[in-house]
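Here's the structure we're looking at; comments come further down.
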């Protein structure tokens, strides 16, 4: 589906380039006809050089269009898009990691409420990133690989929840129990985001 869409866009761009080239040729011819003829030999030379350059420029545009084969161009575009996507998400994750660290380092105060609020906000950010990455993978991975990832993701969610629960039990019944649960969940979610991008985005 994406390939057909990209081919359609490429075809439209090529048609526009061809149309622009044709219009440029017509306007150049018209300008040449409208210009008064000069009796000065140096001016004639400049004009002929200019016409020759225009002609070469038009030919080079045509050559570029001819040299850029659709399949080669689409292949390069997909490859760059893939690299750019992985790089884009690694950058997003690094920014998110930095933001969460800053939130943790600069709480409003040292109360349990403030710490829980920070971890709650961090959870919203990190869980949102995880869902966004998973959504991109659903669109880009082959069906069979995505099925395998779904199974792996369900297992990972169980692992995350169990690990967070186990860590929070050291504060069982205390005010820090929920804080520890969410903090561990956040750390594991952040790790999982990096894992998914590194292992599945190509």
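Numbering starts at 1 and runs along the chain as displayed.
Cβ atoms are placed via backbone N, Cα and C, with glycine included.
The signal peptide annotation in TrEMBL covers 1-26.
Sequence annotations record features per position, and here TrEMBL assigns compositional bias 'Polar residues' to 24-42 (among others).
What TrEMBL records for 24-84 is region 'Disordered'.
The feature compositional bias 'Basic and acidic residues' is assigned by TrEMBL to 43-54.
Among the features that TrEMBL reports, compositional bias 'Polar residues' is placed at 56-76 (among others).
Annotated domain 'Lysozyme inhibitor LprI-like N-terminal' per TrEMBL: 108-196, in sequence order.
Note: the domain 'Lysozyme inhibitor LprI-like N-terminal' (108-196) comprises 79 helix, 0 strand, 10 coil (DSSP; helix = H, G, I, strand = E, B). Summarised as a single figure, the pLDDT of the domain 'Lysozyme inhibitor LprI-like N-terminal' (108-196) averages 97.
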